[in-house]
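Per TrEMBL, the feature transmembrane segment maps to A:20-39, A:60-78, A:84-104, A:147-165, A:185-212, A:275-296, A:305-329, A:341-362.
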Amino acid sequence: MSFSRADRSLVGQWWWTVDRWMLAAVVALLFLGAILVLAASPAVATRIGMDNFALAQRHFMMLPLAALAILGGSMLSPRQVRRAGVVLFLMFLTLTFLTLFIGAEIKGATRWIALGPFSLQPSEFLKPCFAIFAAWMFALQKTNPGVPGNLISVLVFLVVIGILLKQPDLGMTAVVTATWAAQFFIAGLPIFWVLLLVGLGIAGLVGAYFMLPHVTERVDQFFNPESGDTYQIDRALEAFQNGGLYGTGPGEGSVKLVLPDAHADFVFAVAGEEFGLVVCLLLVVLFAFIVLRALARLLGEHNHFIILAATGLVTSFGLQAIINMASSLHLMPTKGMTLPFISYGGSSIVAIGLGIGFLLALTRRRFPGSVEA
Amino acid sequence: MIGRRNRHQPAQPDFQVQRAQPVINPIALQLEPDGVQRRALEISHHRLILGLGLFAMAFLVIAVRLAMVTLLPAENDGPSIAAAPAAARADILDRNGVVLATSLTTASLYANPQNIRDPQAIALALNEILPELSVETTAAKLAGDKTFVWLKRNLTPKQQMAVIRLGDPGLQFLHETKRVYPQGNLTAHVVGFADVDARGLAGAERSFDDVLAAGQQPLSLSIDVRIQHILHEEMSRAIADFTAIGGAGMVMDIATGELLAMVSLPDFDPARPGTASDDARFNRATLGTFEMGSTFKLFNTAIGLDTGAVTLAGGFDATNPIRIGGFTIDDYKGKHRWLSIPEIIAYSSNIGSAKLADTFGAEVQKAYLQRFGLLAKSPIELAEVGVPQYPKNWKRINTMTIAYGHGISVTATQLVAGIGALANGGLLRHPTLLKRAAGEVAEGTRVVSEQTSAQIRQLMRLVVQVGSGKKANAPGYLVGGKTGTAEKITTQGGYNKNSRMAVFAAAFPMHAPRYAIVMMIDEPKPNAQSYGYATAGWVAAPAVGALVQRMAPLLGIAPIDDDAPEAQNPLVAMVENPQGAPASAAQIQPKSDASKEKQAKAQAPSPVATAPAPVQPATTGEIIFQAKPFVATPVSTGAALQPAPVAAKPFVPNEDPALAVE
């Protein structure tokens, strides 16, 4: 597919201005994710009493939607990104709020809203959209001195994490907080406040350790493997070792037979066992490439909103990938978090697609002046 | 130009316009940030670089860790299921490498009740596979709110497969090691057993628990299962023939102290120690202390010879029983005449032995017994070791009864070590259960002179040639020994005439002694073949003879001819012809003097003082026994005879006046 540079159609313009390297990396991730879901999910589906390929089928039904979200999102102009982001933010904030009342309870948390055969996790969409909203507020503070953007951002942030903690969804809270803090930091938050926020963050984590029993348990396990059941992480590490350089071959692994979340939280271990170190390193490189390339491009960017919004989107994407991989490798306590595009994730893959779509939109090459965000 | 991007003209100019010449562009000019905003952008860009660095570092760490986890050997941060259980308990082998205990990996079934949907159905299904799991208890376990309950340890592969086929996600396996004892009962008391968590509870499994748990290398015991098997079989036969309640036996290499065999009967299956009775688990060979009866006459005589209190030509008048302090010491089938030392041993005279003991007295006796290791707990490498019992207040009567093995209880382990020291040239080596390499053999402590040891060997051989131990003879192997039949002490402290312990303590071959043997048969009853006897000579001696006959070829002991010079025992003539033996007749004359003299000494309370005194019949010894010139035991012996501090258990004095046994 190619278009003339003179092509002024929407698609033509998109093709010539979008960051095609990043797009290629995203497509590669989607492709690898599809293969890994095929490898890991049947064992899990069988174990939880579903049809062999039921999970894989759902994933493949979501893939076109995710592609659509990526394409659709990336075709928007920065201003459209801002508007879409803010509208969707308000919509999904409402939906997330509603989960507290009408949510389906799964594994002790009410994060999902049932939509026929599917369930939707509004907070997944809330995550990229809130990054857009917060970026807009931080940018407003700078461009329109009359608007108390920072204050609004802080207040809305508190509302968002209030709802997330009520669900409860600790992982999402952590990612949203880290993303928002990164944006605030890039927006030029004075060092005093940075230190204060870091302090609060640490206090929050320590508080979670002491207040929430399951957090205590996981952290204790990490620092002192003898203290508890390290079954999952032991199996995950064995899987990597078992896989070696080139892996046991697709479908030949055994870790997916024993790990409950082989298709989601521990998909990286399945990749390590069946496809080996080479493919795992390729995954790391792809994630690193997307994150670092996006950040590098922002160094040439002069628009506050674009810098902050893209920072937020890429941070939440990169952080989620790092947390997932580091957990599987026993670099940090295990935290239920999916590997973007690689894990089976139902509706979340569409949400991540939307975020990446927005990121691609914001990193498109523009003629100076075309930005009016 | 459709479809081709001109690679030589990349889109760079766009950026350059934006970056390098922003002021020129009129549109950009409108948007050009003012000073404050420019400053804010600079901060943003600087911080972006920091963020970029952090992300790059995080990804790098992940990549490095990924490579390490994949390519380096596993870290030891948790038990691994794929790998065999970290340190399997080490095997226990016999001296020739035969496996006595090993560890097998088996699957143990547990359940996570949280994942069990229908406890009743699973309990029923499990009951079909493992009938020992009752439906009610299993269902109750599965219905609980725990996350881990053991259901059954150590399943067989078949059972495991059947459970896997149930396909319930709540049922899971952990791989464990099960201790297996291929020799079963044969080595039960030596090897002992470990519990399901591989902690040694008895025998070598317990005493070497640390070494075995470390799992470095197999533990080689001194035991030879071939000899163990023969001993086990001969003892079992004797026990069955005489309807005895049990027995203990051991074979020791007297050159090294290694125990080649150690059997305690009844025994048990170490795979199921829980089902065995307390009696079966009681190690009679090391934990049980018994009066060893007349076998002690060997020690008594050795003391007499070693201190010079008597020579082989000496003797005592055994015409009348000794009455002392209300007790009577008499002989079993006594000769009622003067008896020489060889006769005292051959006929097992209590009177003669008691009189001999009286010549050297309590302090000497005690000091010697101490050196023979008979007064202290045996240092054998087991937890099940009995403490010897002897009188706290060692009176004259005690000295006289201990002379023939009454009033002192020791373990078979102590006895075999003592017999070994008497036979091997006078060096005490403590018995060990560990195989000794050539370089690690204990030197041994000298307890009697080589001369004394040689004389004792002649006496031991004499017992088998003409005395009470004839049935222990094994042609060609020059067995020597001593019988002992003691009435067992009841729990009330008295003696029970009808429950005896028949003991035979032996060594062979007497011309070049290698092995010491002790066999004890507990409470034998007379049978038709024994003409109503249930004494050691009838019960234990034949079993020892059969044992030697079978084990000697395995150990490479060559039989020698009965006519061979080294097979000749000069003492035989003395016993067979006490009055008229041509060589001895003249020399034995001073017997009455000696007898009187000894009795006189018995009054004098300082036997040690008399020891160095030249004993007149010394020359007799030379002539009769063709031994080296008799050298009176040096005074140093006396120096060694310091009263040793002994931590004795309270000893219940013998209240039964009928002390005479055998």
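We count from 1, first residue shown onward.
Cβ coordinates are placed from backbone N, Cα and C, and glycine is handled just like the others.
TrEMBL labels come from automatic prediction, so no person has curated them.
Same-chain residues lying 6 or more positions outside the transmembrane segment (A:84-104) and placing a CB less than 8 Å from one of its CB atoms are 73, 76, 110-114, 119-120, 122-123, 125-126, 128-133, 136, 159-160, 163-164, 166-167, 309, 354, 358. Among the listed stretches A:147-165, A:185-212, A:341-362, the one sharing the most Cβ pairs under 8 Å with the transmembrane segment (A:20-39) is A:341-362.
Here the transmembrane segment (A:147-165) has long-range neighbours at 93, 96-97, 100, 123, 126, 130, 133-134, 136-141, 172-173, 176-177, 180, 184, 187, meaning same-chain residues at least 6 beyond its ends whose C-beta is under 8 angstroms from one of its own. Contacts between the transmembrane segment (A:60-78) and the transmembrane segment (A:341-362): present, as 3 or more C-beta pairs lie under 8 angstroms, all at sequence separation of six or more. Remote same-chain partners of the transmembrane segment (A:275-296), defined as residues 6 or more beyond its termini with a Cβ less than 8 Å from a stretch Cβ, comprise 19, 21-22, 25-26, 28-29, 32, 36, 240, 243-248, 250, 268, 310-311, 313-314, 317-318, 321-322, 325, 339-340, 342, 356, 359, 363.
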